[in-house]
Structures are given as C-alpha cells and as structure tokens.
Amino acid sequence: MRNNGAITQNEALMKPDQKLISSTDLRGIIVHCNDAFAEISGFSREELIGQNHNIVRHPDMPEEAFELLWKTIQAGQPWMGLVKNRCKNGDYYWVSAYITPVTDKGKVVGYESVRSCPNREDVQRAERLYSKLKQKKPSWALPPLSLAFGLISIAWLLGFLLSFMLNPWWGFGSQILLLPILIAFLHLKHHQTLKNLQAVLKGMFMHPLAAATYTSSKGTSGQVYAGILSMKAHLDAVLTRMEDASGQVAHQCHQGLGLAKNARHEITQQHDQSQQVATAMHQMTTAINDISNNVQETASTADRARLLAVKGREVAAASRDAIGNLRAKVFGISHSVDNLAEQTNEIAAAAEIIEQIAEKTNLLALNAAIEAARAGDYGRGFSVVADEVRNLATSTQESTNTIRSIVASLETQAKSSVVVAREGTEEAEQSVRQVAEAEEMLESIADAVERISEMATQMATAVEEQSHVAEDVNTQIEQIADLATSCKEKNQQASQKIERSKEVSDDLHELVIRFRQVS
C-alpha cells in the first residue's frame with residue numbers, strides 16, 4: 001500500500017449535498033476532478049491531475065476492500081462502498097463511493113467515481129468492519145440458506161414434539177404444530193420475494209462486504225438492500241455526472257459566448273478595416289494609374305527633350321562652325337586693316353616728304369623772285385616762273401595738308417578698326433568656346449535626358465506592374481472583406497447555437513434537480 005505520510009485523527013466532514021467527482025484512466029491516473037474533490041482533499045486540481053488516485057488513500061483502509069474494488073470494475077461491473085480517504089494535511093474524510101467503468105465503443109477506457117456524504121451509522125459499521133479486516137478477523141460472512149432451513153426444520157420438529165406431548169390438548173397443540181409451518185411458508189415467500197428482487201437488481205453491486213457496511217441485515221435481504229442502494233447510487237451518479245457535465249457545458253457556453261462576442265467585435269473591426277483598406281487600395285490604384293500616366297507622359301516629354309537636345313547640339317555645332325568662319329573673316333579684316341594702317345602711315349610719310357619738298361620749293365621760288373627782282377627786266381620771266389613755282393608749291397602744300405588730314409583720319413579709323421577687329425576676333429573666339437561648351441552641355445543634356453527617358457520608361461513599366469499588383473491586392477482585400485462578412489454571419493449563427501446549448505444545459509440542470517427531488 002502506498003504511504004502518503006503522517007495522519008491525524010481530525011475528520012473533515014462532507015456537506016450533505018456535496019458530490020466529489022473524479023475520472024481516471026485504466027491505471028488509476030486522475031484525468032479529471034471537480035473543485036469539491038480538490039477542496040476537501042486539500043490538493044489543488046493541478047496537484048491531482050496526472051497523479052494516481054491512491055494519492056488520497058488512507059492506511060486504515062483494508063487491502064481486501066481495494067482488491068474487491070479493482071476486481072469488480074476490471075470485470076466491467078460497478079462498485080459501491082464506504083471509503084476512508086486521507087487529506088493532504090493528514091486529516092481524513094469518509095465518502096460513499098460509486099465507481100463505474102467508462103466505455104468507448106464497448107471498450108473500457110477508464111473509470112469514473114462519484115462520492116457522496118455517507119450516513120454516520122454506515123460510517124460506524126464500516127469502521128468496525130474495516131478494523132476487523134485489518135486485524136484479519138472477517139465478520140461479514142453470511143449464513144447460507146441451508147442453515148436457515150435447518151433452523152426452521154428444528155423449530156418444526158420441536159413444535160411437533162410439543163404437540164405430541166400435549167395430546168390432551170390436541171387442539172391447542174395442532175395450532176402450535178401449524179406455527180412452524182406458517183413460519184416456513186412466510187420465510188419461503190420472503191425468500192422468493194428477495195430472489196425476485198435480486199433478479200430485478202441484476203447487474204447492481206450486491207457484494208456481502210458492501211451489504212455489511214450499509215445495513216445490519218444479514219443474508220439475502222442485506223444483499224438486496226445493498227443492491228437497491230447501488231441502484232440509487234447509480235442513478236445518483238448519472239444525475240451527478242449529468243449535472244457536472246451540464247455545469248461544464250454552461251461554463252463553456254458562457255466562455256464561448258464571450259469569445260464569440262469578442263470574435264464578432266474583432267470580425268466587425270476587421271470588416272470595417274478591410275473596407276477602409278479596400279477604399280484606400282482603390283484610391284492608391286487610381287493614384288498609381290495617374291502616376292503611370294504622368295510617368296509615361298514624362299517619358300514622352302523626356303524623349304522629345306532628348307530630340308531637342310540633339311537638335312540643339314547640331315545647331316550649336318553649326319553655330320560653332322559659322323562663328324569660326326566669322327572669326328576667320330574678322331581676323332582677315334583685322335589683317336587688312338593693319339595693312340591699310342601701314343600703308344596709311346607710308347602715305348603720311350610720303351605726304352610729309354612732299355610737304356617738305358613744297359616748303360623747299362616755296363623757299364626756292366622766294367629766292368628766285370628775289371633774284372628776279374634784282375635782275376630787273378632780265379629777271380621778269382624768271383620771276384613769272386618763280387611765282388608759278390611758288391603757287392604750285394603753295395598748292396602742293398595745301399594738298400599735302402589735306403592729304404595729311406585724310407591720312408590722319410584714315411589712321412584714326414584704321415586704329416579703331418584694328419581695335420574693333422581684335423575685339424571681334426576675341427569675342428568670336430570666346431563665342432566659339434562658349435558654343436563648344438554649349439555643344440558639350442547639350443550633348444550631356446541629351447545623354448541625361450536619354451537616361452531619364454529610359455528610367456521613365458522603366459518606371460512606367462514598374463508602375464504599371466504595381467498597378468496590377470495593387471488591383472490584385474484590392475481584389476484580395478475585397479475577398480477578405482467578404483470572408484469577414486461571412487465569418488460575421490457564421491459567428492452570429494454560432495453564438496445563437498451556443499446560446500441554445502446554454503439553454504439546453506440549463507434545462508438539463510433543472511431536469512436533474514427535479515429527478516433528485518423525486519428520488
């Protein structure tokens with residue numbers, strides 16, 4: 001026997017209406033118990049589940065009782081008896097136990113025990129009986145039926161002898177003679193009644209050991225009484241398990257309703273959010289389509305810009321060539337102006353020489369006039385020539401001055417033209433450089449715009465694919481929203497069925513109460 005530790009002499013009394021329920025597997029391992037069992041035993045449900053049921057075995061219980069228990073239930077029959085159990089703290093409590101096999105498809109898969117509060121007289125009988133069993137002094141053996149008939153026969157013979165000895169009063173003796181016959185008849189009638197009850201109670205637990213704990217009656221009457229108690233215990237166990245199951249169903253229904261309400265609330269939120277997401281996805285799809293159109297338009301614009309850049313590069317190249325030609329022409333003009341300036345300088349130098357000649361000629365004419373005056377009439381012709389020469393020198397000098405003025409003006413204009421030509425050349429060269437730079441920039445712009453065009457095309461393709469993906473996502477979200485709606489409806493139906501199950505559980509509970517009142 002398992003040793004569960006020290007014990008005390010303190011009894012924990014069960015409440016009259018208290019029911020202890022537990023279920024085990026075929027090895028006696030606890031797989032289910034109610035709160036009342038945990039409460040009176042002092043163990044928590046967690047400490048009981050998974051432990052062997054002998055965790056509450058008390059050392060005062062005889063081995064014979066448990067041997068009979070296991071032999072009976074392993075044979076597929078119910079067992080009933082008074083059991084003394086041990087609390088976790090060493091105290092004890094008495095129960096009237098009814099144990100039945102649990103079957104699944106005709107196969108025994110475990111055992112179920114329903115314990116109720118025992119009668120105190122039954123407890124006292126059980127204490128005396130179990131104490132004798134522990135001391136190996138069985139006292140529950142019942143006299144056989146033949147012994148009872150022997151006693152009746154002896155009583156009948158005694159009556160016959162008395163009637164014979166009292167022959168003078170034969171009438172009175174005959175009555176005495178009939179007395180044992182009447183007793184025998186009544187006994188046989190009672191025995192037949194008990195046999196009929198035994199037949200009715202077939203399948204109920206009527207072992208003499210159980211009878212000895214529940215009644216002081218011996219023999220068949222005690223067994224019949226135990227059988228009736230077993231039948232009542234069987235009905236009580238059924239009602240108790242029904243009540244316990246209905247309570248569990250009601251509890252599960254209550255939890256299920258709470259979960260269903262929470263799920264319905266969450267499904268409603270999911271449905272609303274799905275609708276919002278579907279709307280947002282629809283808007284996003286529209287925006288993506290707009291972006292796709294804009295990107296395609298950007299790609300087209302970029303392509304046109306690329307063509308314009310290429311055209312601009314060609315124009316810049318032509319402008320560069322034209323400015324190069326212009327620069328060459330300006331450079332030629334500058335060179336010609338330089339030559340003109342040099343020639344003007346030569347003309348100016350020649351004019352200065354002519355002026356010097358004119359001055360000398362004029363001086364010679366003056367000297368000739370002076371000499372002609374001195375010569376008198378002989379010098380008149382020479383004087384005329386001298387005057388002509390002086391006039392010619394004066395005219396030459398005036399022409400030279402005019403030429404000098406013209407040459408000076410030409411020189412000034414030539415110098416200005418040279419400066420302008422040089423500036424034009426420099427500006428032409430700068431323009432050539434700028435046009436070359438512009439050409440390079442236009443070429444870079446054309447390359448960049450071409451890359452932009454390619455990227456825009458790729459982006460347009462990606463956006464179009466994203467648009468298809470967004471449409472697919474939108475369709476899936478709409479399906480999710482539809483599923484959420486369907487789940488909401490099914491959840492509502494499930495809630496209604498759970499509520500109906502709770503109503504059935506409540507009705508079952510009330511039915512158990514009515515049966516208990518009748519029984």
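Each Cβ is built from the backbone N, Cα and C atoms, and glycine gets one as well.
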Under TrEMBL, which of the candidate ranges 281-315, 421-455, 456-490 is annotated coiled coil?
421-455
From the DSSP assignment alone, can you count helix, strand and coil residues within the domain 'PAS' (25-76)?
27 helix, 7 strand, 18 coil
If you run through the domain 'T-SNARE coiled-coil homology' (432-494) with DSSP, how many residues end up as helix, strand and coil?
63 helix, 0 strand, 0 coil
